[in-house]
Amino acid sequence: MPKRTDIKSILILGAGPIVIGQACEFDYSGAQACKALREEGFRVILVNSNPATIMTDPAMADATYIEPIKWQSVAKIIEKERPDAVLPTMGGQTALNCALDLERHGVLEKFGVEMIGANADTIDKAEDRSRFDKAMKDIGLECPRSGIAHSMEEANAVLEKLGFPCIIRPSFTMGGTGGGIAYNREEFEEICTRGLDLSPTKELLIDESLIGWKEYEMEVVRDKKDNCIIVCSIENFDPMGVHTGDSITVAPAQTLTDKEYQIMRNASLAVLREIGVETGGSNVQFGICPNTGRMVVIEMNPRVSRSSALASKATGFPIAKIAAKLAIGYTLDELQNDITGGRTPASFEPSIDYVVTKLPRFAFEKFPKADARLTTQMKSVGEVMAIGRTFQESLQKALRGLEVGACGLDPKVDLASPEAASILKRELTVPGAERIWYVADAMRSGMTCEEIFNLTGIDMWFLVQMEDLIKEEEKVKTLALSAIDKDYMLRLKRKGFSDQRLAVLLGITDKNLRRHRHKLEVFPVYKRVDTCAAEFATDTAYLYSTYEEECEANPSTRDKIMILGGGPNRIGQGIEFDYCCVHAALALREDGYETIMVNCNPETVSTDYDTSDRLYFEPLTLEDVLEVCRVEKPKGVIVHYGGQTPLKLARALEEAGVPIIGTSPDAIDRAEDRERFQQMVQRLSLLQPPNATVRSEEEAIRAAGSIGYPLVVRPSYVLGGRAMEIVYELDELKRYLREAVQVSNDSPVLLDHFLNCAIEMDVDAVCDGTDVVIGAIMQHIEQAGVHSGDSACSLPPYSLSKEVQDEVRVQVKKMALELGVVGLMNVQLALQGDKIYVIEVNPRASRTVPFVSKCIGTSLAMIAARVMAGKTLKELGFTQEIIPNFYSVKEAVFPFAKFPGVDPILGPEMKSTGEVMGVGDSFGEAFAKAQMGASEVLPTGGTAFISVRDDDKPQVAGVARDLIALGFEVVATAGTAKVIEAAGLKVRRVNKVTEGRPHVVDMIKNDEVSLIINTTEGRQSIADSYSIRRNALQHKIYCTTTIAAGEAICEALKFGPEKTVRRLQDLHAGLKA
């Protein structure tokens, strides 16, 4: 069936901000869908609230709306654009839920819009737990024994049937949100209450426990003519009980016999037919009991998912692109496989001659109070994938690509300590983020594979593979370097051992080991990912390293530029940096360079095989990058676009003779090294907050006395404000030095005077060495002290005078030229009174670059990449700062709901996972839309509770006056109420939590409050008010912890609920006029 001609325009729903469970894989799928549909001649309309995505680039769709993915906003877009069809399968759970809302509210029917890719009934059948259960029984497949509950009474009735432990999963949520495993009644009630609260349909599925069962996934694609292919089978290394997004996974499945594989293959096809997925990709999850072989279907997703991004990258088969084309009527046999250059049709099942391992990346260090045990609710924030010829090789490559300080199966436990045995037992029994390293330690301690299997449920096959690696390590430890000959070195490298790990085992430096290996002439070769196990030729350069005979890299002799990506997502380094890498690749390819991407994150657009000319799917370690450089001999390497990951390699790459283009590693060091930075600030006669670098506790106490409290304290060289705190007095400083960091000569601690009540600013600029152009000045809404990645910001600034902005421009230009920046640079400044302080300078791509580029209609990352390759800003015609004639607000999105027990207060340590953008004619409108995009519901009336610290009291009466004018009743604690009453306003007093009942938390629990403005300072007051913030989060009450955000909310509420939607392309056209 060729493509449909009865539809002309298609609306694609994006996935919105990055949250745990829904990350950049949906930017990857959405961007592919946009490209696929436009090349077929359709008009594409896109809605996505996340500005850091490639899919929201104005060139990706015909009409782009950076608007909230809520049915109300999308309805306005449908009314304006009149699309013929909507494609909801590319934007994760967010898009599916939005599509179902549009259907339910009659919007699709009213405007005659058809749902393609999956219809409402299919989505409902797959997502509604009771319908899915019945559908599986109809085709003779088993689901886990389970029951459905819509209330606590029903839940208790199901529990009677199933007993403990049981697994609770809310309907229509993703990443297992709100679910969990209950081992006793108390846990059961807590999880069920939370689950009923979070499920949009107030429905829970309560399952028998399958903990310890083996878990598999099948990635399936089906078309209208019932052609089905399995793209890839995926096996979970961790058994059931750990969410698949948090499991180590391996593709293809390693421990199935062919017969078992065929049974599962047939079952997954039957599931797609029964649910009615006719066009596109789905994944089906299975559990198998290791003792009896009983197989159950756990769930299916009728959409492109996290696993399909992994399967696409693992096989080279572009699932999202194919799914988009099937949705418009094509069949698999009509579509060509790009990787083989059209030599095979898309109906060929991919076959692969290598092993892929995915490891999750966690961020528990950011949330010390979070429960770090892994259960059925997803907690990881990113992932890394590695390709090798054997499981051992791909596992060890993935371990070093994860960037958690391990270069392989490094030891975690001191086996000589008396606690060792009990630590190992606990870590093996209850899975945590680092279980695989504990498994290795258990093997070192003499535990047998059987004993480990009994504690972990990890398949014996995997354990035997790991045991072999540990035995090999023990052998290497006994040898001298000279004893390792060419054959033995090859054997070790084929098992995936890194130079660094071998050097540690031999007690020598990495450099010496690498020299020895090169002397033996042991080098990796590069193999191609070609979807067909080398049966057909491929022109696509999608490569991975391994130690074999034949190298398939065939590098060209063109001028090449290599871009180092950011590795796995984590808090503080996410999709924004990937966006910059993609833009660099696109710009330099346009300019005639051959572009080479090195990265290991399977979720991203940068690791798509057609983003750059050549893709090396390799860990970002010195060894791996140097080997790629050895083969490719690039003319220049860009290290400034992938966040801290490639920057950490800059110096060592330079020493090894790799040509780094753009800002020099020495200039980067001048900006990062405190003492060198201070000299520069003084030389330019600029201001910075009084500060000191200390190397012992005594020194710290002395320095603190002369700088004056409050202080910002942190270890040097960190990204995302790791272990950063504000301390208000001596005892707090001592506690920080004791508990949070080990201060020493090698790891100094930085003290800065904290600028209380200051307005923070962020500036992005491009410099070519002689000219500097400001990309944008952004004003933070939260005052200084909140990490810049967590603060909302406004572009242009909404309350800074022209004089202040001009002075900022002068200072930024001075610093760019003094540092010799070539490329991008980001500066953070603070305004206190009438003084401007420089807080920090980063001569690299920052996380605000995508947001700024969307606001000013010009890609800073592209311009800067061209500058790094030798162009001047004058040649590029970018000489003038572009100041938008509309307001844009960027708002951060947080994962607090996933981590009960964590305080949702903002501070100097970054905690957000993603961002959204709101656009409006006024600051208030833009802020209101950003809140809506972040799924924060702004109250329109009711009772506002206000309690602020002394420093905020001068502003509090103004906020109260606004709220009363907007129809709110104001309640406040004694100190705050006094100030409001003094201004002649009506206020009701309420007890603080520490002053006896009824207090404010009682009001929250009784749903008597609709808005909370609660600001604190100092450890004690933060601890006292913790229950206010946590309860507000549980009761979904809008709560802000800064007075500045309180003022912004008043602006947003004045704007009122009537929304207009704006095309990005129209906004940009207005800037050029």
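Even glycines carry a Cβ here, placed using N, Cα and C.
Together with ARG714, HIS753, LEU755, GLU760, GLY785, VAL786, HIS787, SER788, GLU840, the ATP 2 site in Swiss-Prot holds one more listed residue from GLN805, GLN828, which is GLN828.
Ranking the binding-site residues VAL242, LEU755 by the number of CB atoms within 10 A of their own CB puts VAL242 at the top. Here the region 'Allosteric domain' (936-1073) is broken down by DSSP into helix, strand and coil counts: 71 helix, 22 strand, 45 coil. Of the residues the record lists as binding ATP 2, namely ARG714, HIS753, LEU755, GLU760, GLY785, VAL786, HIS787, SER788, GLN828, GLU840, the two whose Cα atoms sit farthest apart are 19 Å from each other. On its own chain, GLU840 (Mg(2+) 3 binding site) has ALA671, PHE677, VAL827, GLN828 as residues at least 6 apart in sequence with a Cβ closer than 8 Å to its own Cβ. Separating the Cα atoms of GLY785 (ATP 2 binding site) and ASN301 (Mg(2+) 2 binding site) is a whole-number distance of 42 Å. Across the fold, the C-alpha of ASN301 (Mg(2+) 2 binding site) and the C-alpha of LEU755 (ATP 2 binding site) stand 49 Å from each other. Closest by Cα distance to GLN285 (ATP 1 binding site), from the binding-site residues GLU299, ARG714, HIS787, is GLU299.
The two recorded residues VAL242 (ATP 1 binding site) and ASN842 (Mn(2+) 4 binding site) have their Cα atoms spaced 39 Å from each other. Distance from the CA of GLU299 (Mn(2+) 1 binding site) to the CA of GLU208 (ATP 1 binding site) is 14 Å. Rounded to the nearest whole angstrom, the C-alpha distance between GLU299 (Mn(2+) 1 binding site) and ASN842 (Mn(2+) 4 binding site) is 45.
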